[in-house]
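What follows is a short report on a single structure.
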Amino acid sequence: ASPALLMRVVASAYSVAEKAATIVRNVMSAGDLGIVEKAGPNDLQTKADRLVQMSICASLARKFPKVTIIGEEDLPTDDVTEELIEDGHCEEILKKPCPAQYTGIKEEELVIWVDPLDGTKEYTEGLLDHVTVLIGIAYGGKAIAGVINQPYYNYEAGAGAVLGRTIWGVLGIGAFGFQLTEAPAGKHIIVTTRSHSSALVNECISALNPDSVIRVGGAGNKVIQLIEGKASAYIFASPGCKKWDTCAPEAILHAVGGKITDIRGNSFQYNKEVKHMNSAGVLATLRNYDYYASRIPNTVKESLVP
């Protein structure tokens, strides 16, 4: 029997994300980032954002024409050159059995959320380890599978190092491509925004009395900090994060037993009609979610309307 649709989509998304990483690195090494300001100096778009989104969306749409694909950038879809198309797939993923509850999924029931370059501002500033490519797959409004590529993983290892890695996960199977590690027991290490801080963000963090605070770019990168044990909670008490930022990381985090909600404890919905903004912020942990959720001040919750 041929592999289930979900596994074929994830296997293709894996190869598409690897192609995306090559585009991201090529744009950077060519030296012309083609930066455009969208809503302001902290909301940027580069040539890499544009080319990667066209590559991902066109490649997946060609193979899975009835799937809804929602990307961050507002771009035309008709002028994609053939060199941007990735037709491959990851054989290893196709060998995994599809969880029973997902074997009957039809193309038109899937929604794919794409962030072509998560951490654009950091990319423009050369903080390359913050950058990720995110492809999240949702069914019934829930994030059920995700692919995160880090184009510059290992870039500090020096010349000749193999750059980049791809992490993927499916609910009911697990997540792969990294070493799952828990944060040090008894330590409260918070990872939060680097470039979108505010009084509310800081009030929320100080209420948790953390041992340390890590400020980095990119939602994908922050969830990687959780699953690799570098941070114990990801907290962002502010609007600003969007569905394409959280869908892939959520699927991977949930696949390894973690939890992500808004600051008020509500689950995110990923059906195609949903509004794009996660306007009540983000609270995510690999373990001990209830500890952090119970310490978010009511004043902070009341300031953030879903």
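Every residue number used here counts from 1 along the chain in the order it is shown.
Including glycine, each Cβ sits where the backbone N, Cα and C put it.
Predicted automatically and left uncurated, TrEMBL annotations should be read as such.
Taken from TrEMBL, the feature Mg(2+) binding site applies to Glu72, Asp115, Leu117, Asp118, Asp245. The Cβ of Glu72 (Mg(2+) binding site) has Asp49, Gln53, Val114, Asp115, Pro116, Lys242, Trp244 as same-chain neighbours under 8 Å, each 6 or more residues away in sequence.
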Most Cβ neighbours within 10 Å: which of the binding-site residues Asp115, Asp118, Asp245 is it?
Asp115
Check each residue in the chain of Leu117 (Mg(2+) binding site) that is at least six apart in sequence and keep those whose C-beta is under 8 Å from its C-beta; list them in sequence order.
Val24, Thr46, Ala48, Asp49, Val52, Tyr123, Val131, Val133
